[in-house]
């Protein structure tokens, strides 16, 4: 059937949208990428992937898990070979992997956690030995922290590393059922090494959780070493091609120099050297959280691209009051309700882009400081990564799901690309810190600041609220600032009062205030996001870009203000709402341009609905007809099943 | 490893929870079931399923789609055989199918849509011929309404049924690409018949959409009949074992008596008889929507059962300020934040139970009326099914997902049962009416009532708001009623004003008010739910049940009030919040009892985390170790893949 339609043409509805865009889309792409050179580099990486049939092939929907996993190993390994053949720089190789878009132990753990841990948590000697092995894939590693019984409470891990002075070795053990390592990506089938986190015990004294480099499989036959029980934990939501695994260690011995020794170490005689800061050993976590914040925008932008392009070509219903004629039907993006669902998400994808930049900048500043033993940024960086990780991942996961629902029935089809996008993203809400706990960490930072009168001193909360000017970004940002400050002061007061009411038991009062504390963190983080977004808008030089971005930023801020309107004082809610509706109307015609600017190639989106050409139905029909169940074999298989199981029912005695 | 643990014991943490419950759990089960006899009947059906290895076997996680589908056909067919052998009544057979818990074309379409359509939309003669064939599975049917280009706009369907007076036949055609039927469950591979919805054309005049019984495959070889192109649309989010399909009809002829003729018909000479009411032909849709509202509670209750039981046995962190000892760690259900996430969802599952009862009662009353040509309940029933379908499905889908996230990392594992629960539920948000459109249908009803001064006349909105008494259900319900009325009046005023502002173009004004109209519908529906729930609580006779249900109902109402606090007037938000926190504390100890009362057998929940015995870790370890990738074959397969794809990387020239 597919030959009936020419799928190389752009759907006229989408072509029309593109004509109406008010700004230069390529310039917006450059702005997002950080300069035209970066855009070009991305383009080159994208072309390498597109040109290679294996790299491009992500059709794993019909495979069993093991086939799927092997298929991804094949693709990533090939990408690495190609990268080395082309002599790509590490940054170029990273770009290439982005377009390969593989979810496997390679990306989920080896490259994003194992290698960075070796880079950041080792002393010079260790780094020199181990890092090249990992970066050249001579060893494959995983990051074995979480246990079946302990995730969030890292300090409560049960795995034990006992120092044996005689042999100068650590003896690593999983002493209980709940101490079995559970979840590390790439552990189940891929890794031959692991960084294992365990309680360090020297001469019967516990020195807390430390990391150890442990070989778990031999490099030749890839079989578990003695004392190692390892396997795959089974199917999950998303990550079908990642072998999240379990690991039980029974008296596994490793040499003394395999404890990660950048910040703390053990001498041959068992003398322990503690780190300069208690939290510094968790550097990998902050690194990963920073990247999670940085990547949120990219994922949400994919969902929004698919949903907005599809909404521009999906026509349904003529305008109210017009006759029921197919040619009179209008794109669903013309509907106010659809705009109200999608355009704020589009604005959020832009907001998170700049928040990601801010977070990455803060992280890099912290790292520079640490090199000079300056840890002054650590508390802020810790609070910001924790809180922003929570807000951005929650919003992105929910946003992708909303994009999916905005595509109606077709959003459920894997041909839309959206179910997979959601499944591959949503674990971000949980790993590297469950979101609610992270918000409480941010709350700890805020309360401390309030207690020392150092929380947002620039905001004068004693003045009564200025009237909100919905057309002015500064005025809107100030409202958010004021809300954040008042909420913090009020929550801190409540905490104090509760402490007094409970016999000065601060800890108990804290535990009975966590719902309020989480709310307070959200208020603060929403301010941070609005502030960063509006600052970024101010810095834009091109008028056309600046104008549309100013609208996007106000849309983002007012939309969220409306949702929590009970929390802002001095607010005329009707004014906010009518301003919102006005912004929807104004941004409507730029919607397709704003998603085009994200510049995702079709092969990355993998969505019949979200393709650049807008010919959703052609591609759906084409792909559905080709799939396995409709081949001769597939059809025969099902007809045999029918004849074996269903047909005998025709002989049932009627009961009617 | 599994033999190390005795999995027949109940986890002491869960046993302790059960001792602390304030009410009689069995009596609560009977209340929910509608009497002890109903509980017993459910028990019998459950035992039949549990006793049969095939019926109980839902381990389809490792299968390919076609195997999965065939496996489900086998299970359902076997259940039907068993039902007929035991001579079960239709109601008992229905219960049995509930416990079989299969998602296949049988349940998704044949039994829930095809057969009911034959029951309700046919004339006596047709019913006599077709209904027994369907109920005895001699034919397998689907409900072919949605097309690739038309879902929500049913009146815009493009399939055409042209009456041919000569032969007294209808000629059915799919004239365009977008007219291809797309999505009907069971169509792809299972069905040999379909009710096809098409524009009825007689002598070149279009009489609108009607239903037609069309045979699509022969009963012997199960191959498509001439003119029929049919197949499966491919993998989707959830419903892996349902063969949602596509159907293209080219000049397929059916006899005149295969147009569904209960409400409208065509005489031999082409004379058309129209129905007594325009919407009556959509009876199947209202039937299905009613059932969706009725079933929401059951699905949410499953999610809540899993998350609450797991939260009662998952310990993490000692109380703040206590030393880091494993035995000091407390269940995460003790955390206020966890209670705040889960207990309102528990309350919602109870709320929706009574809303389901209300909806079913209203539907049945309407049906009784229709039999006597009394259609007076139709507008209310239509508005209520539409709106409540939207609210209950959205809340349930989001709620299941929240339950999943409340289980931390382990919620992502399919062993938790939660990813599948979500995937099998969430399509309810879209099928049988996209939720936003449904809320606009409810809005239409409300605005009409307001315009004729008949909207909630019992509420005197001119009086100033009474002070909210957070301890009193009536006072809370009144706040919801007042909010609903004020919102409706205000929205209607806004609509009038906008109409005047746009040259009296009411339709345009409506389209520019849809965001507000949707909000207004939600206000009204939230009132309906709170009202129904509080009425149900009042009718409870047993003191212990009534006491806990009163708390649950207040929790539900105050939680939602807090979330939308900007919308209620006369509200002291701090009072609402502290009352909420008090309710969380009081309901904490009844949480496990309240989920036990739902009385789900373990084999239905299919969750290692949510089992009645509370031994989550044992079951997870046990099941993970058994799974395919950890068998000898699975392991060899992956080691070969490693050696083929990953090992060659060890020879890479280093670039470092």
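Numbers run from 1 along the shown chain.
Every residue, even glycine, has its Cβ placed from backbone N, Cα and C.
Values in this document were obtained by computation on a predicted structure and should not be read as measured data.
According to TrEMBL, the domain 'Acyl-coenzyme A oxidase N-terminal' annotation covers A:24-139. With DSSP states grouped into helix (H, G, I), strand (E, B) and coil, the domain 'Acyl-coenzyme A oxidase N-terminal' (A:24-139) comes out at 89 helix, 0 strand, 27 coil.
Annotation comment: TrEMBL describes A:143-252 as domain 'Acyl-CoA oxidase/dehydrogenase middle'. For the domain 'Acyl-CoA oxidase/dehydrogenase middle' (A:143-252), the mean pLDDT of the prediction comes to 96.
The FAD binding site annotation in TrEMBL covers A:146, A:185. Neighbour density for residue A:185 (FAD binding site): within 10 A of its CB lie 27 other CB atoms from the protein chains shown.
Sequence annotations record features per position, and here TrEMBL assigns domain 'Acyl-CoA oxidase C-alpha1' to A:282-446.
Annotation comment: TrEMBL describes A:432 as active site, proton acceptor. Annotation note: residue A:432 (active site, proton acceptor) sits in a coil segment as assigned by DSSP.
When the Cα atoms are compared, residue A:146 (FAD binding site) and residue A:432 (active site, proton acceptor) turn out to be 10 Å apart. Reported as a whole number, the C-alpha separation between residue A:185 (FAD binding site) and residue A:432 (active site, proton acceptor) equals 13 Å. In sequence order, the recorded positions near chain B, meaning those of A:146, A:185, A:432 whose CB lies under 8 Å from a CB of that chain, are A:146.
Within the same chain, the residues at least 6 positions away from residue A:432 (active site, proton acceptor) whose Cβ sits under 8 Å from its Cβ are A:285, A:288, A:289, A:292, A:389, listed in sequence order. Look at residue A:185 (FAD binding site): DSSP puts it in coil. Residue A:146 (FAD binding site) is surrounded by 20 other CB atoms, counting those within 10 A of its CB over all protein chains shown.
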